[in-house]
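Engineer: Next up is a structure, given as structure tokens.
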Amino acid sequence: MMPGLQYSLFLFFCLTSCQESPASQSCLNKQQLLATVRQMQQFLKGQETRFVEGIRHMKHRLTTLQNTLTKAAPEPQAVFCPVLEVPLHGKKFGTKNMVDHEVHFICNPGFQLTGSSSRMCQPNGTWTGEATQCKGVSECTPHFCQNGGTCVNEGEQYKCICSKDWTGSNCQYQTQTVPPTWSVTNDPGFSRKPRCAKFDHMQQCSCEAGFHMSGTSENSICQDVNECKVYKLEGAPGLCMHTCINIPGSYHCSCPTGYRLFSDGKSCEDIDECVLLLHNCTTGTMCINTGGGFQCVNPECPKPNGNVSYVKTSPFQCERNPCPMDSRSCHYAPKTISFHYLPLPSNLVTPTPLFRMATASAPGRPGPDSLRFGIVGGNSRGHFVMQRSDRQTGELILTQSLQGPQATQVEVDMSEYLGRSFQAKHVSKITLFVSAYEF
Ligand SMILES: *[C@@H]1O[C@H](CO)[C@@H](O)[C@H](O)[C@H]1NC(C)=O
Ligand SMILES: *[C@@H]1O[C@H](CO)[C@@H](O)[C@H](O)[C@H]1NC(C)=O
Ligand SMILES: *[C@@H]1O[C@H](CO)[C@@H](O)[C@H](O)[C@H]1NC(C)=O
């Protein structure tokens, strides 16, 4: 601030005093005045870049705040969708019927699913998709009866006659004590006694939701269905974003440390340690939230070198001090160096734009008439390209996905030209914090 203020007061003084007494000897000559004017212009340019950077930073902060608030806001009004029945000959996963919650269906072996395999509760209290049904196969297809069973036509229905030791509508269960692979058998906590009642001298037994019956008809037991495993075997994605934990009769999802389970019960959302003050960054360093954690950063300006020296003008920006008029090397050194920290998920789909760099020309003064953008450094340059996205803007594009966890750096520059003559160079140092997960 101070040098600029001095220039302007000085300039003002000169202009006014010279106008009043044009012959005054105390005035600077034209050359000196022009030099001062140029330095003033540079100073204003610097101020403007800083101002633009400041606004960008504030916008980013606001967006972050907005996101946090939107996520944290309670559902405006609890809307419920009607509870969906478990389809006959099928299973239902997911029990919540609030907005944005999903339920999934699968059919028992030998039955075909019609309608939707996943349905989501919409804000107007209706489910997406169509009613789900598990329909018996209408023909004796080769694999309808498993384990050596024979398919027979019985009126309109098709039925399996199972070979010895097999049972179930498709002969999929062994009549002996061996239950299907996806049931939990080695833990008594995951078994229940069936509820049985006698109808017409016939014993009828059933299991609670989330359990299935196995064993012989005289000696049956309800064993937990491992939803996590069934779902995986079915090749259906998305029961849980991270880890599925089977519990007796049901399941729940869990997230890695640094994340918490989102209100849909299946997604993981990052915990912003910086906003929630859960970080241990010391004073003088800044907290950067990353996927699953945080980093403490302290960007430093380059050390003075010859006529080139820098001053920190904001926590994330360095500006070059004015150069001696005739020092070429100083003039070519970066005029501003800014620092950027981007958290990224692992294995991001590419190509994806990561960062934009634009020029800011002072009002009433012609801006640079051409710009050149480039990648000047960093430890993984091969993953990026820098290209122009419009006349004033360059864009850093990730072209090869990055596998986390890792931190990597890339340095880009923008050179401004006016009438083919070099004006100034700006450098942005970008650090990417790639999380260990794809979310
Ligand atoms: C509920 O919303 C969905 C999508 O927003 C729409 O397709 C559907 O027709 C709506 N149903 C009713 C009953 O309003
Ligand atoms: C800050 O916390 C991290 C773990 O979150 C730990 O590894 C590190 O040692 C801590 N640093 C200090 C200075 O306490
Ligand atoms: C610094 O600038 C002066 C002109 O003001 C020049 O003579 C000198 O060579 C420069 N020094 C370096 C190290 O570039």
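Just so you know, glycine gets a Cβ as well, placed from its N, Cα and C.
Summarising the annotation, TrEMBL assigns disulfide bond to Cys107-Cys134, Cys162-Cys171. Positions annotated as domain 'Sushi' by TrEMBL: 79-136. Residues annotated as domain 'EGF-like' in TrEMBL: 136-172, 224-269. According to TrEMBL, the feature signal peptide maps to 1-18.
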Engineer: Sorry to bug you, but what's the C-alpha spacing from Cys171 (disulfide bond) to Cys107 (disulfide bond), rounded to the closest Å?
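Structural biologist: With the alpha carbons as reference points, the distance is 15 Å.
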Engineer: Give the helix, strand or coil assignment DSSP yields for Cys162 (disulfide bond).
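Structural biologist: It is coil.
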Engineer: According to DSSP, how is the domain 'Sushi' (79-136) divided among helix, strand and coil residues?
Structural biologist: 0 helix, 25 strand, 33 coil
Engineer: So what sits near Cys171 (disulfide bond) in its own chain, CB-to-CB under 8 Å and at least six residues off in sequence?
Structural biologist: Cys145, Gln146, Asn147, Gly148, Gly149, Cys160, Cys162, Ser163
Engineer: Helix, strand, coil residue numbers for the domain 'EGF-like' (224-269) per DSSP?
Structural biologist: 7 helix, 17 strand, 22 coil
Engineer: Averaged over the domain 'Sushi' (79-136), what pLDDT does the predicted model reach?
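Structural biologist: Here the predicted model's pLDDT, averaged over the domain 'Sushi' (79-136), is 86.
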